[in-house]
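Take a look at the structure set out below.
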Amino acid sequence: MLSTRVVRLPKVISGGNKQLARGLASLSDEKSLNEANPTDLAGLKRKAKRRPTKLADELKTGPSFADFVTGKAKDMLVDPLELARNDPNARLPSWLKTQIPKGKSFHHLKSDLKELKLSTVCEEAKCPNIGECWGGKKSEATATIMLMGDTCTRGCRFCSVKTNRNPAPPDPNEPENTAEAISRWGLGYVVLTTVDRDDLPDGGAHHLASTVTKIKEKAPQILVECLSGDFRGNLEMAKVLASSPLDVFAHNLETVEDLTPHIRDRRATYRQSLSVLRAAKEANPRLVTKTSLMLGFGETDDQILQTLHDLRNISCDVVTFGQYMRPTKRHMKVVEYVTPSKFEYWRDKALEMGFLYCASGPLVRSSYKAGEAFIENVIKKRRTNVGAIEEQQHDKENNNLLLSKEDEKTTQEKANF
């Protein structure tokens, strides 16, 4: 049994003497503890000591000077960055590498966007194709304008766009500025997208529709694709946008149904997204409807196939597949880097199921320009009221031509791999 020695203190202890009293009592307890069990006191003293720094630990357990002299140190290094440099499996696959953005067209687009205070999903979402899309010839260069600011009210686990519950209100001059910028570039096809604005009563539907109208007023020849949110499931707002003069209505499923709750914001559901695409088609049957899926989250083939069936059941015309790329360490990890041959498989499968067009590849994104030339031809023919049978035949011929070009690109990617 431990004995306790009582330290007699004055009855009246004032101010700073209280701390002295507590210290004396502590020393008394320590002394009695030492007399009873010296090993316990040693343990307490070890805990009280300052813990060694990480650097000190690494110096003690890491390579010694002799290890560096003999060359053994290189086998003892555990630095993750060093391991990644030396391990090919820890690095990005060769087919996911892109060139540094450059060129006159690239800098011209960037300058105009800054001058007119416009945001693009190309920059905000760190798209790997920015150099290709912005750096093309004037008639080919494309920028996906992100409307209603650069801050989203949702926080999906794959997206690097800034989030805030109460972002700044939309710029009332944005529709006019956007139309002005696009008319300057002399584009034939433009993509408009938007952050989710759950803070707005209409989800921003009227702002988007106004922007499309302004663009058509300034440059009626330009084809407009609008990649919208789900308007919190308000299908009337989806119909407002679909009834504007746009040509392609796009809304992304992002992933398969089973993974949606783990990847997208809780306010975005798989069935809700399907309803938005269906409502747009019903409001304007002549619209081309489009969606996009990212692969690499751990989805199965059966899940992807079921998603394609769900899209065909609502008459979705276009689907794209791309590789999920982790924007930062705070976002969801990549489960798998899908090979180019697997992307080719899903493209063929989608076309077999009756999709009008499918762009599928590691670097393909929902607004990637690869399919725009084909979609342009489809829209123009629909505008001129070409017969359905003749239209389908032309579409098939154009699609086969485009597929042959993509096959050449895939073959090159495989060769690089």
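Cβ atoms are placed via backbone N, Cα and C, with glycine included.
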Segment assigned the feature region 'Disordered' in Swiss-Prot (from 35-56, 101-122): 35-56
Binding-site residues listed as Cys152, Cys156, Cys159, least Cβ neighbours within 10 Å: Cys156
Local confidence of the prediction over the domain 'Radical SAM core' (137-356), expressed as mean pLDDT: 92
Shell list ([4Fe-4S] cluster 2; ref centroid = CB of Cys152, Cys156, Cys159; cutoff 8 A): Arg154, Gly155, Phe158, Ser160, Val161, Thr163, Val195, Asp196, Asp265
DSSP-derived class (H/G/I helix, E/B strand, else coil) of Cys156 ([4Fe-4S] cluster 2 binding site): coil
